[in-house]
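Notes follow once the structure below has been shown.
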Amino acid sequence: MVLSELAARLNCAEYKNWVKAGHCLLLLRSCLQGFVGREVLSFHRGLLAAAPGLGPRAVCRGGSRCSPRARQFQPQCQVCAEWKREILRHHVNRNGDVHWGNCRPGRWPVDAWEVAKAFMPRGLADKQGPEECDAVALLSLINSCDHFVVDRKKVTEVIKCRNEIMHSSEMKVSSTWLRDFQMKIQNFLNEFKNIPEIVAVYSRIEQLLTSDWAVHIPEEDQRDGCECEMGTYLSESQVNEIEMQLLKEKLQEIYLQAEEQEVLPEELSNRLEVVKEFLRNNEDLRNGLTEDMQKLDSLCLHQKLDSQEPGRQTPDRKA
């Protein structure tokens, strides 16, 4: 029975905390999307006003030679070279890693979002707008682009919490951790007191983190789901959808780490096995993640075969 599996999972307080923290990140993502979308357009307009020569009439002459790869980008035309300089001028981390591989430089003169992706983490080349991004992508943009006037320490604290959620091998966090997370995410939200949709989420997050989800196995005349002591109601399917989104994001994180060989093969294998064991015990979640798991298994198998080729060595962990 699907609900009994959900009840068993949420009977573990630390797993419930993990889901609640993840739900907060989903709420944060939803309230930032519109704001970020508007600000990216404003930022792009400002760039073009300051440097009209970079506008729609500017055309990349380098073609495929102006295609970036991961953190490497050596423009082969004047337009892309000037755009790169302009982006770096506004990049807080201009001397560090910039994920140029997210971008299509030929679109920079006409597409604000292609510019925004230069300020974001790796793996976002196919994202067409803020509505397709997770919370950490939007937070990283806010943190890395000097167009956003915020206390960057507050942004990095939330990013750090998000990474701890995604990197939690057993998908569990303590109640002490959750209280600390609540303080940090609310400190961040306080930076946007003039943005109505962000202000509206503040109380929802506070209510979520201070309430206790209780899962009930319903009788015939009762509704399925979770009911908080403060009266907020989440149906079983809503809770399940939150879990699915968090697990998909976690698997995507593992995939990117595997693709860029950021962790040792044994560590990667251990992380993957923990998720597989969890899904073996939770069929309701496993069925919706089959494609994600197959994609990850295929990459890991391919890398394993590559490492076994004569003369090939497993790369050292990246710094």
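Just so you know, glycine gets a Cβ as well, placed from its N, Cα and C.
Note that the structure is predicted; figures quoted are calculated from it, not measured.
Per Swiss-Prot, the features are:
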- Arg61: omega-N-methylarginine (MOD_RES)
- Thr314: phosphothreonine (MOD_RES)
Checklist entry - Using DSSP, would you call Arg61 (omega-N-methylarginine) helix, strand or coil? => result coil
Checklist entry - Using a Cβ-Cβ cut-off under 8 angstroms and a sequence gap of six or more, which residues of the chain neighbour Arg61 (omega-N-methylarginine)? => result Gln76, Cys77, Gln78, Val79
